[in-house]
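Worksheet: one structure, shown below.
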Amino acid sequence: MSIPSIPSTPPAPGIVLAGGRSSRMGSDKAVMMLGGRPLLQRVIARLAPQTAGLAVNSNTATELDFAPGIAVFADTVAGHVGPMAGVLSGLRHAATHFPAASHVVTVPTDTPFLPLDLVARFQAAITLPGQIAVATSGGILHPVFALWPIALADELEHWLLTDDKRRVRSFIQRHPMIEADFPVPDTPQGPIDPFFNINTPADLDTAERWLPLIEDIER
Ligand SMILES: Nc1nc2c(ncn2[C@@H]2O[C@H](COP(=O)(O)OP(=O)(O)OP(=O)(O)O)[C@@H](O)[C@H]2O)c(=O)[nH]1
Ligand SMILES: [Mg+2]
């Protein structure tokens with residue numbers, strides 16, 4: 001039996017959102033080391049094979065010495081107005097550099113265990129071209145992990161310039177959306193959420209403990 005393909009979801013370009021201030025960490029999370037490699041390099045390595053091409057949104061770096069050849073671009077809206085500014089600049093980047101693409105996938109830079117089937121599950125979840133596909137695990141929504149229609153760019157820009165809180169969830173709630181659910185793998189130390197994100201030095205210690213457990217599962 002052949003599996004029907006969804007015409008609205010050809011391979012999507014991917015954007016790693018690394019444009020935040022890392023205020024809880026105290027220094028740029030993207031270049032913090034986990035298991036001897038920069039966090040951003042780990043996230044790139046997990047996401048890149050799932051995409052039509054990958055780029056990084058950063059408001060500090062202009063190139064990455066550990067990932068030469070990967071395009072880096074800053075927010076197109078000034079003022080560090082939050083993750084949706086990174087999503088907007090990702091949609092603009094994709095419209096220029098991937099003119100055939102209909103969607104863009106985004107992930108944050110602080111999630112070293114992100115699913116290796118992220119994009120496949122997003123694309124399988126979509127039933128209508130205008131939907132935003134958003135990740136869930138264990139009943140929790142992870143709104144920065146999403147597959148966004150590029151056609152939303154102008155509306156997103158208007159919302160960023162006019163909404164006073166600019167919460168990712170409130171933008172998503174205004175649009176057709178579909179949830180893509182991801183399993184939480186079990187390990188000898190208990191379940192580990194694939195969307196675990198590193199915000200503090202203590203989170204980095206936790207990730208350092210969990211890394212070998214995840215590597216064991218994926219081996
Ligand atoms: N482009 C862009 N991305 C942002 C901005 N603020 C947060 N992000 C990104 O959104 C994602 C989730 O944010 P957080 O985990 O809170 O990261 P953060 O904002 O750097 O860290 P804190 O300052 O401690 O909140 C991360 O990938 C950040 O890089 C912003 O103003 N612009
Ligand atoms: Mg975070």
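Cβ coordinates come from backbone N, Cα and C, glycine included.
Source: prediction; values computed, not measured.
Taken from TrEMBL, the feature region 'Disordered' covers 1-21.
Sequence annotations record features per position, and here TrEMBL assigns domain 'MobA-like NTP transferase' to 14-175.
Taking all protein chains in view, 25 other C-beta atoms sit within 10 angstroms of the C-beta of K29 (GTP binding site). Here TrEMBL flags L17, A18, G19, K29, N57, D75, D110 as GTP binding site.
TrEMBL lists D110 with the feature Mg(2+) binding site. In the three-state DSSP scheme, D110 (GTP binding site) is classed as coil. Residue environment of D110 (GTP binding site) contains 27 other Cβ atoms, counted within 10 Å of its Cβ in all protein chains.
The predicted model assigns the domain 'MobA-like NTP transferase' (14-175) a mean pLDDT of 97. According to DSSP, L17 (GTP binding site) is assigned to a strand segment. Proximity to ligand 2 (Cβ under 6 Å from any of its atoms) holds for these binding-site residues out of L17, G19, K29, N57, D75, D110: D110.
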